[in-house]
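**Q** Pasting a structure here, questions to come.
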Amino acid sequence: MSEPKAIDPKLSTTDRVVKAVPFPPSHRLTAKEVFDNDGKPRVDILKAHLMKEGRLEESVALRIITEGASILRQEKNLLDIDAPVTVCGDIHGQFFDLMKLFEVGGSPANTRYLFLGDYVDRGYFSIECVLYLWALKILYPKTLFLLRGNHECRHLTEYFTFKQECKIKYSERVYDACMDAFDCLPLAALMNQQFLCVHGGLSPEINTLDDIRKLDRFKEPPAYGPMCDILWSDPLEDFGNEKTQEHFTHNTVRGCSYFYSYPAVCDFLQHNNLLSILRAHEAQDAGYRMYRKSQTTGFPSLITIFSAPNYLDVYNNKAAVLKYENNVMNIRQFNCSPHPYWLPNFMDVFTWSLPFVGEKVTEMLVNVLNICSDDELGSEEDGFDGATAAARKEVIRNKIRAIGKMARVFSVLREESESVLTLKGLTPTGMLPSGVLSGGKQTLQSATVEAIEADEAIKGFSPQHKITSFEEAKGLDRINERMPPRRDAMPSDANLNSINKALASETNGTDSNGSNSSNIQ
């Protein structure tokens with residue numbers, strides 16, 4: 001057995017590892033600073049300012065969002081994009097990794113880009129991603145293209161972090177402008193007349209490319225139907241090795257839309273004379289996945305690309321972009337970049353420190369109430385009859401118990417802050433279940449494990465356990481991949497019949513790793 005390593009005598013255990021953190025710029029960029037004389041954004045100035053966590057005047061942010069939206073509004077549902085092009089997957093508010101993406105993929109000034117959606121939510125720099133990408137869209141309207149993801153909607157941004165982020169960093173007006181802009185995003189792209197590019201995937205109601213062109217996209221995505229499927233659907237977990245003959249089955253992971261099968265993809269490709277489908281929507285350990293090849297073309301029938309490295313700071317995954325040029329497909333991977341730290345849910349330091357302060361205050365209150373012994377209380381109450389004296393004693397004891405319970409709550413909050421954050425992240429509302437804190441440390445840990453197991457996540461998880469693998473992180477985060485409950489979630493009778501039929505044939509397969517090839521010709 002090896003001996004434990006001794007502490008490096010040169011490593012200080014009293015000094016801060018990070019001695020100082022630069023304060024974000026207090027100055028907000030004005031329109032004169034952001035836009036040149038021709039009304040085009042100065043993206044280099046914008047990038048430098050946002051990298052320092054700087055902000056813009058609200059009128060400037062609104063101008064970028066609305067001008068970008070007006071360009072998006074003029075584009076078709078299905079874009080036609082020529083090669084060469086660099087295709088990017090989910091970003092999810094990871095602005096500093098987005099900057100790394102442009103280093104790997106090439107400058108937008110001389111590189112054609114196609115983004116497959118999910119620019120916001122989960123990460124804490126979503127508004128920076130929107131402002132920068134929309135500024136690039138204004139500057140390069142014919143070479144930078146943005147598709148809609150399932151998170152570009154009111155329902156998910158209210159449920160997750162984007163709305164709260166907009167209100168903290170700017171205002172609800174900026175959030176509303178973003179929602180209007182998201183309604184303008186195209187739904188799909190036809191790349192080089194060979195590849196259909198979407199965020200999620202296929203729909204049983206979309207058989208031809210014209211079916212996409214006919215959709216009304218200028219609205220909040222519905223809870224079912226072809227527009228929902230384009231944004232939400234996934235390939236079957238055992239894609240290419242299906243145990244079902246159905247082309248589409250109910251998507252039990254998302255709680256909406258469908259899983260589509262290898263035969264469904266091959267039939268769609270053959271019917272529309274296409275080579276492959278490029279999509280995002282699912283985190284990948286390597287940043288990408290290539291699925292089973294088409295028997296007619298020998299090319300992967302489906303490719304998933306994911307461009308948010310170390311997703312949520314826990315997945316430990318690589319990110320990737322796909323460069324297609326001269327009929328050669330090249331995958332470029334990259335790792336995460338350092339980024340400023342935000343407390344969970346944009347919490348401020350005063351809220352964060354409240355448990356520490358509260359614990360000390362309640363300790364003092366308990367000590368004040370306990371200043372008299374039972375004998376002293378009894379001697380002071382000789383003037384009262386027995387019933388009154390007993391009642392007074394019980395009132396005081398109840399006060400002490402109440403303060404003691406409050407002290408235990410603050411103590412649990414202080415000692416188990418990581419467990420509290422874990423449990424908050426695993427509950428759909430982001431709130432702790434009632435009575436968890438007052439039950440003490442054991443109740444908190446039990447509730448955390450129950451919350452995880454309720455969503456079929458990894459069993460035996462402990463809040464103190466450090467997540468070490470991609471699959472473990474993906475399992476724990478599974479609850480957040482579902483569509484949150486909404487009022488219009490009930491489909492029409494016709495759609496209900498098809499869903500019931502799909503449910504009857506549902507399977508639970510085990511995924512196999514796709515090809516790890518980085519070049520395809």
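Quick reminder: no glycine exception, Cβ is built from N, Cα and C everywhere.
What you are looking at is a predicted structure, and each value in this text was computed from that prediction instead of being measured.
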**Q** Among ASP38, ASP44, ASP118, which is the one Swiss-Prot gives for the Fe cation site where ASP90, HIS92 also bind?
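**A** As annotated by Swiss-Prot, ASP90, HIS92 share the Fe cation site with ASP118, chosen from ASP38, ASP44, ASP118.
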**Q** For the Zn(2+) site that Swiss-Prot describes with ASP118, ASN150, HIS199, which of these is also annotated: HIS27, HIS271, HIS281?
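**A** For the Zn(2+) site that includes ASP118, ASN150, HIS199, Swiss-Prot also lists HIS281.
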**Q** Where Swiss-Prot marks phosphoserine, which residue is it, choosing among SER12, SER469, SER505?
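**A** Going through SER12, SER469, SER505 one by one, Swiss-Prot flags SER469 as phosphoserine.
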**Q** In Swiss-Prot, one of 327-336, 417-426, 427-436 is tagged region 'Interaction with PxIxIF motif in substrate'. Which stretch would that be?
**A** 327-336
**Q** Between the Cα atoms of TYR224 (3'-nitrotyrosine) and HIS151 (active site, proton donor), find the distance and write it as a whole number of Å.
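**A** Spelling it out, the Cα of TYR224 (3'-nitrotyrosine) and the Cα of HIS151 (active site, proton donor) are 15 Å apart.
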**Q** Name the residue among the recorded positions ASP118, TYR224, HIS281 whose Cβ has the smallest number of other Cβ atoms within 10 Å.
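**A** Among the recorded positions ASP118, TYR224, HIS281, the sparsest Cβ neighbourhood within 10 Å belongs to TYR224.
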**Q** Please list, for the region 'Calcineurin B binding' (341-369), how many residues fall into helix, strand and coil according to DSSP.
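**A** Result for the region 'Calcineurin B binding' (341-369), in helix, strand, coil order: 24 helix, 0 strand, 5 coil.
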**Q** Does DSSP put HIS281 (Zn(2+) binding site) in a helix, in a strand, or in coil?
**A** coil
**Q** When you average the Cβ positions of ASP118, ASN150, HIS199, HIS281 for the Zn(2+) site, which other residues in that chain have a Cβ within 8 Å of that mean position?
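**A** Here the non-site neighbours turn out to be ASP90, LEU116, GLY117, GLY149, HIS151, GLY200, LEU231, TRP232, ALA280.
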**Q** Check the Cα-Cα distances from SER469 (phosphoserine) to the recorded positions ASP118, ASN150, HIS151, HIS281 and tell me which is shortest.
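**A** Sorting the recorded positions by distance from SER469 (phosphoserine), the top entry is HIS281.
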